[in-house]
């Protein structure tokens, strides 16, 4: 995966409005076409600008191991976990908003993979 697909999968800034976190996840997973053949088990959307997230690969992050970096700052985010439904258009999600640090993989100073939300 590359930086542009990372942005499609994981960045929503400013945050898209929805009636509640579950509806937000259902909407965003469909809008970004993230369930083409099966419902993705879990996906996290970060509500920060691409440049802020890109900084985690440099001065805004701490090297963890290999090409993984942990953000120094916490980001507003929504964690989406699949709770059923069918792909591509009716996958159902349980959304949990939060403000947490993230771990991402970087290549050439650009985020290419979302590893996890740090607790």
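Each residue, glycine too, has its Cβ placed from N, Cα and C.
Taken from Swiss-Prot, the feature pyrrolidone carboxylic acid applies to 1, supported by experimental evidence. Marked as active site, proton acceptor by Swiss-Prot: 10. Taken from Swiss-Prot, the feature disulfide bond applies to 25-80, 39-91, 57-106, supported by similarity to another entry. Residues annotated as substrate binding site in Swiss-Prot, with similarity to another entry given as evidence: 40, 41, 42, 43, 44. Look at Swiss-Prot and you will find 113 tagged as active site, proton donor, backed by similarity to another entry.
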Task = Tell me, in order along the sequence, which recorded positions from 1, 10, 80, 106, 113 have their CA within 10 Å of residue 41 (substrate binding site).
result = 80
Query = Counting every protein chain present, what is the number of Cβ atoms, excluding its own, within 10 Å of the Cβ of residue 80 (disulfide bond)?
reply = 25
Ask   = When a 10 Å sphere is centred on the Cβ of residue 44 (substrate binding site), how many other Cβ atoms does it contain?
value = 21
Key: Proximal residue to the residue listed as 'active site, proton donor' among recorded positions 1, 42, 43, 57 (C-alpha distance)   = 1
Remark   = Excluding its own, the Cβ atoms lying within 10 Å of the Cβ of the residue listed as 'active site, proton acceptor' add up to 21
Query = Relative to the mean position of the Cβ atoms of 40, 41, 42, 43, 44, the recorded substrate site, which additional same-chain residues have Cβ within 8 Å?
reply = 34, 79, 80, 81, 82
Query = Based on Cα coordinates, which of the following recorded positions are within 10 Å of residue 44 (substrate binding site): 1, 57, 91?
reply = none
Key: Residue among the disulfide-bonded residues 25, 39, 91 whose Cβ has the most other Cβ atoms within 10 Å   = 25
Request  = Calculate the distance in Å between the alpha carbons (Cα) of residue 57 (disulfide bond) and residue 25 (disulfide bond), and round it to a whole number.
outcome  = 26
Ask   = Near residue 10 (active site, proton acceptor), which of the recorded positions 40, 43, 80, 91, 106 can be found within 10 Å, Cα to Cα?
value = 43
Task = Provide, as an integer number of angstrom, the distance between the C-alpha atoms of residue 43 (substrate binding site) and residue 106 (disulfide bond).
result = 18
Task = Can you tell me which recorded positions out of 1, 80, 91, 106 are within 10 A of residue 42 (substrate binding site) by Cα, answering none if there aren't any?
result = 80
